[in-house]
Amino acid sequence: MPWLRPFLIALTFLTRLPAPAPTPVDEHESGASLVAYPLVGAVIGAILVLLALLTTPLPNLLQACIIVAAWIIITGALHIDGLADSADAWIGGLGSRTQTLAIMKDPACGPAAVTAIVMVVAIKIAAVMAIIEAAALLLLLLAPIVARAGLVVLLMTTPYVRSGGIGESLSLYAPPLQALGSAALITFIIALFNGWAGIVGVIAGSLMLALAQHSMVRRIGGTTGDTAGASVELTETAALAAAATLVASSW
């Protein structure tokens, strides 16, 4: 099964789920694993749907809090850490590329980081609660897939500004047509399964990704591991909130 090794490499990098870690992994295999990123998003989403079904007897707000907490735990807070570092850097960098990159490497967590985390988590909880109330649990599959498909697009189309980082090997050695093709195909399928809410979620996530990418290129000339992680959180939040708004309304 030639697809299994790239999938396991992607799964063990993007999540903390118990899975056999392929070793050793060279740069070419790391790049090839980019093709499987949307599939990892599907795994995360499937776990969230299952958790939603298992916690059905609980009050909706508590259920939503548990789902979002599990979401963060599954990923090992990998992307939310990038969001925190990026938020501090964008505010504290004061428009300077050098200062922004320097702050991003500082492990300390400032007010901007805390604010960004609280806002994203709060919006996700509210959106998940709306999805639960609308009995549209398949939408929980949407955001993780869209965000990781977006991560593929970001890494394939944006310069990586830190030499030697893992993002550099991903963008250099990933097969571009296969990576972008898998991202587009899986996103298209999940959008169709969720109807108009899925389509709106994909559009919102794509717009957020484009906005984040524009901001990265303008400020630092490309992306880093932290800004890539931030893009995942922002894309997830936008896709989830837009889809939840549609299913919760009478539009």
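Glycine too: its Cβ is placed from the backbone N, Cα and C atoms.
Note: TrEMBL annotation is automatic and uncurated.
Sequence annotations record features per position, and here TrEMBL assigns transmembrane segment to 34-54 (among others).
Annotated transmembrane segment per TrEMBL: 61-80 (among others), in sequence order. Beyond the ends of the transmembrane segment (61-80), by six or more residues, the same chain brings 14-17, 44, 47-48, 51-52, 55, 117, 120-121, 124-126, 128-129, 132, 140, 144, 147, 229-230, 232-233, 236 to within a C-beta distance below 8 angstroms of the stretch.
According to TrEMBL, the transmembrane segment annotation covers 112-132 (among others). Sequence-distant contacts of the transmembrane segment (112-132), counting only residues of its own chain at least 6 positions beyond either end whose CB sits under 8 Å from a CB of the stretch, comprise 52, 60-61, 63-65, 67-68, 71-72, 80, 83-88, 90-92, 139-140, 233-234, 236-237, 240-241, 243-245, 247-248.
Residues 14, 34-35, 37-38, 40-42, 44-46, 48-49, 52, 67, 71, 79, 101, 128, 131, 167-168, 170-171, 174, 176, 179-180, 182-184, 186-187, 190-191, 193-194, 197-198, 201-202, 205-206, 209, 212-213, 216-217, 220-224, 228, 231-233, 235-237, 239-240, 243-244, 247 of the same chain lie 6 or more positions beyond the ends of the transmembrane segment (139-161) yet place their CB under 8 Å from a CB of it. According to TrEMBL, the transmembrane segment annotation covers 139-161 (among others).
Sequence-distant contacts of the transmembrane segment (181-211), counting only residues of its own chain at least 6 positions beyond either end whose CB sits under 8 Å from a CB of the stretch, comprise 35-39, 41-42, 136, 138-139, 141-143, 145-150, 152-154, 231, 234-244, 246-247. Annotation source TrEMBL lists transmembrane segment at 181-211 (among others).
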